[in-house]
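Q: The structure under discussion is supplied below as structure tokens; questions concerning it will follow.
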Amino acid sequence: IWIFHGFYAEEKLVGDLANMSTSERIKAIQKMPEAMRKKRDIRNKVLREIAKKSRPGRTQLSCCTQSLEGARVSFRRFGSSLSEYFHQLRIFHKALKIIGAEFGTSVLSYFIFLKWLLTFNIFSFLINFSFITIPQFIAAEPNNLSFTGLELITGAGYFQQTVLYYGFYTNATISIAEHGPSYNMQLAYFFTVGIYFLICFLILLFSMGKSFCRNFINPQTYPGNASKLLCTWDFTITNERTVKLKQKNLSTQIKEDLMEVNREVVTFSVRERAVRVVIHLAAWAASLGTAVAACTGVYFLSINNLELFVKGYANNLEGQAAMLVLPVVVSLLNTFIPFFYSWLGHLERFQTPGQHIYVTIIRNIVLKMSVVGILCYYWLKVVAASESQCWETLVGQDIYRLVLVDFVFCLLGSFFGEFLLRVIGTAASEGWGRPEFDIGRNVLDLIYAQTLTWIGILFSPLLPAIQMTAFSIVFYVKKVSLRMNCQPPQKVWRTAQMTTSFLFLLFFPSFLGVLSVIGVTVWSLKPSADCGPFRGLSFMYTAVYEWVKTLENLTDFRWVAWIYHNLITSELFFFVLSTIAL
């Protein structure tokens, strides 16, 4: 009887689903508390039921129509299966679940941001490699320099004559056959970089808008406390380890929500407020003074560094070591000064962990963006006007060393900043315990590294491949260090708006500042006369201007020239476009 009842219920369910529209049927199947295999079986039965109902009318359909509909159903099944397959292969999915369950959403937001940047760099590498590097392989000349191994650290020597740097790329039009299609490397280089930054701009705007809408405008549309407690358990979970992980994850989320609701408002007397204001002002004065001193030191060190290169550039050991002085000093400043900022934050005793993190992030962004600004001034005003034969390659080498040394210091920071503190904290008689994961410092390390990568794309097109590898290693090192050396935040708190703040900081000042640097380079600086795809031109943008002049003489392509003159060079068009975007 029970078997017959279950069979009848399933037949009724299949009949009801077959009578629904396609979108309603998909949503209904997704909401079923059944295993994925059971859902797939129900879906297949529904599709067969629909096919049976439509069979009498198919006698009037043509063979072509039936074939098209069969192909449509098969393609939909294939797409669904492929989507399920990629869903299971999502990168770092299991690691993120464990981190969120053990350390809460505040620490999880850092790893989600790191994963997002890693995906971003994979996309960057694929674009540059496909449209710039692969065509260059066809026209590449043999590299006569010897490889010693030091190039992996300094980025100089053998790498100068490879596709890693701007100076190696040709300015010729590449063609495989004598009368076959041609490939203009000047236009390919310019438009690949330009379109890439346009896509980045749109992706960042869309991501910020989506995150802002989810966390600020419509937060009530997402599950609250009651629904988390009563409706979020997945009854298809049978693995004991997965059950415990899910329980821990839900427990952490409910604690965060309760802490947000039950947060106490501390009142201070007039004297206590005055003391707190003085402490805050002193901390800000100390942080800003430190940033100014660091920028001053970086600037004078950069000038001395360029004099060494111009006067006595050699491939000996002393010359190789001299190249690493600037990136090592910059990385030392970017590594140890944030620890000083974190110490200042503990002295200020903020009421909530969120206030502490946001203030630390602001101080770090001032420091790191100021250092990057000084370096950009040095590259665009000093190096570009120097006697170097290929100043673009020199800038690319500087950025390569900065990215590589910053990656090494990031790994060392996990050792000295987390492992040693854990050893000292557990061995000390006072019982400090394990340190907490410093979200602000680690997030700004990511933004700084991504800013360098964006600046370096014009001078070193394959730099995203290096950063992609670095971010992958950083993810696993930080994950292991977090679980071995750090403790969960003592004050559990919800960070729904944290990801939005990270994206905003990545957009401004990082991405918009990079666009300013690229704009000055393309429209205001004269390219090197003996290297690179824009050699012999007054500016990099001159390549587009000459191309448009050529198109004006071709009847079939005059519409491109019209778009250039009436839209691309129109200030009104960009004003309207920026107004719509913002």
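A Cβ is built for glycine as well, from the same backbone N, Cα and C atoms used for every other residue.
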Q: Looking at the candidate ranges 357-374, 375-392, 465-482, report the one that TrEMBL labels transmembrane segment.
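A: Of the candidate stretches, TrEMBL labels 465-482 as transmembrane segment.
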Q: Any chance you could find the range in 187-206, 321-344, 400-421, 559-581 with the most Cβ pairs under 8 Å to the transmembrane segment (502-525)?
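A: The stretch with the most contacts is 187-206.
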Q: Using Cβ atoms and a strict cutoff of less than 8 Å, what residues sit near the transmembrane segment (187-206) while being 6 or more residues removed from its termini?
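A: Apart from its flanks, the transmembrane segment (187-206) reaches 120, 124, 127-128, 131-132, 135, 169, 454, 457-458, 461, 503, 506-507, 511, 514-515, 518, 522, 533-534, 540-541, 543-544, 547, 581.
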Q: The transmembrane segment (277-301): which same-chain residues, six or more beyond its ends, come within Cβ distance under 8 Å?
A: 325-326, 329-330, 333, 337, 340-341, 344-345, 347-348, 363, 366-367, 370-371, 373-375, 377-378
Q: Give residue numbers and ranges for long-range contacts of the transmembrane segment (465-482): same chain, 6 or more residues beyond its ends, CB-CB under 8 A.
A: 92, 95, 99, 103, 107, 110-111, 114-115, 117-118, 121-122, 124-125, 129, 400, 403-404, 407, 410-411, 414-415, 418-419, 437, 442, 446, 449-450, 453
